[in-house]
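A quick write-up on the structure given underneath.
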């Protein structure tokens, strides 16, 4: 793969998100689409909890460019369809969520799963199968505790499997802790991060800015394989 010069590292607080990652035992690298902070306004103060990075399979740029090349970063940022095309795109994604402060696994997954259920209900994809998948999802986190710097990895396949891995740092574990085969849930995880009601507007902005550059570079160098 020829690496576009615009694929660079991103720093979110004290967290470093490298431009490329290769999971253990794999020959496939994923490039950093964007990264940003997730936080909440608590008593008029923005409290930062997590840094989120979205990595994608290399063919994602050319896949998305067919529809989105020529758009400005602002146009991409304002287009929900752009983010939905990332979420539903026919390429693998690896999401890294690293903690900026200590979070209890049960409390963390309670909020994440509530957001996922709310989205699936709003688009009519929440049924008995998704309810079972949410239960699996919650169970995977029940014995976890996340100190600062620790990480949850979500690996998403185009077929709908969601792999979960936990690490005490940014290292990708060799083996996944759990694999859940449910496409609506897998898509909902990323939807809640960068979709219509995102937990990380900063991540959305990073994706728009960086993909605008990726598309420009692809247009200038159409022989780049992404």
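Glycine is treated like the rest: Cβ placed from N, Cα and C.
So that you can see what the record holds, here are the features copied from Swiss-Prot:
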- 50, 115, 192: substrate binding site (BINDING)
- 108: site 'Important for catalytic activity' (SITE)
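Structural mapping of features recorded in Swiss-Prot.
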| residue | record | Cβ contacts under 8 Å, 6 or more apart |
| --- | --- | --- |
| 50 | substrate binding site | 37, 38, 39, 97, 98, 99, 100, 103, 200 |
| 108 | site 'Important for catalytic activity' | 141, 144, 146, 152 |
| 115 | substrate binding site | 188, 192, 197, 199 |
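Whole-number maximum of the Cα to Cα distances across the substrate-binding residues 50, 115, 192: 16 angstrom.
Listed in chain order, the extra residues whose Cβ falls within 8 Å of the Cβ center of the substrate site residues 50, 115, 192 are 38, 111, 112, 189, 193, 199, 200. A 10 Å cutoff on Cβ-Cβ distances gives residue 192 (substrate binding site) a total of 22 other Cβ atoms nearby, all chains included. In the three-state DSSP scheme, residue 108 (site 'Important for catalytic activity') falls into the helix class.
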